[in-house]
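Over in Swiss-Prot, the protein carries these features:
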- 64, 65, 114, 142, 145, 270, 271: carbamoyl phosphate binding site (BINDING)
- 92, 175, 229: L-aspartate binding site (BINDING)
């Protein structure tokens, strides 16, 4: 039995960061720390999910998140099945429910779901008897990304409370931003958003963030600079004049990074648009945590699956 095995979540599912209390977040991070060490060993196996079935149901393309959940499940001993559902064939509502009912009849133990519609994962969770993990729903939430970001920050800064984190770029379309804002706020960090007004949701200040319209102001003395991918596939209108102009004002390069704290570190959830929201010199530079974020992703998802496994019958 490992040290954090007594830790549990109040619910059967992980649908979002919203609703989690600070002790649940830190409990997951503490357990993930154990899995970071396990993943660096030659033998990377635990048996928490042996004999259990995990289905990854993704209606949006994803390389890193889906492969990360697959590796996490397999390292815990689960039988993992990947189901890719073309988003054109999954209509919001009826077809999703049909899919849920069909999958439920196969008696899976854990469903990991990504869907292009906000709220779809919570809808599906109400129709099945197994644990459900939200791997990203529309522009709503991406809880495991926020958890892996928090773990990365904590390992490098030693804490989260009291830090100033600047989240920059396409906040409007970003489920990563929303989950991170809620988590960081819950753990006592100061959160700034830096974006053009066209890429900010209305009323975002209600989440307890400061909003800035220039990188120079928003990055001033920030401890962490978190860049967001410009999600051009979700943009029907003209949200930005041009990619070149966007990079000029909001792309992170060495010059803009100098406005942050001298020991500021840089993050990006990936995939990156190099030369759009971040310069390669920064992304690949000594202050970048981007590769470490990917490593932390597997550990965090193992922690989530391990914790939910203890909610399963006969666990």
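Here the Cβ of each residue, glycine as well, is placed from N, Cα and C on the backbone.
Note that this is a predicted model, so its numbers are computed, not measured.
Annotated features, which come from Swiss-Prot, shown on the structure.
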residue	record	Cβ within 10 Å
64	carbamoyl phosphate binding site	15
65	carbamoyl phosphate binding site	22
114	carbamoyl phosphate binding site	26
142	carbamoyl phosphate binding site	27
145	carbamoyl phosphate binding site	27
175	L-aspartate binding site	23
229	L-aspartate binding site	20
270	carbamoyl phosphate binding site	17
271	carbamoyl phosphate binding site	10
Residue 175 (L-aspartate binding site): nearby binding-site residues from 114, 142, 270, Cα cut-off 10 Å: 142
The correct three-state DSSP answer for residue 229 (L-aspartate binding site) is coil
Near carbamoyl phosphate: residues not in 64, 65, 114, 142, 145, 270, 271 with Cβ within 8 Å of the site Cβ centroid are 62, 68, 135, 136, 176, 269, 297
Where residue 229 (L-aspartate binding site) and residue 114 (carbamoyl phosphate binding site) are concerned, what is their Cα separation in Å, rounded? 18
Which of the three DSSP-derived classes (helix, strand, coil) applies to residue 65 (carbamoyl phosphate binding site)? helix
For carbamoyl phosphate: widest Cα to Cα gap among 64, 65, 114, 142, 145, 270, 271 in Å: 16
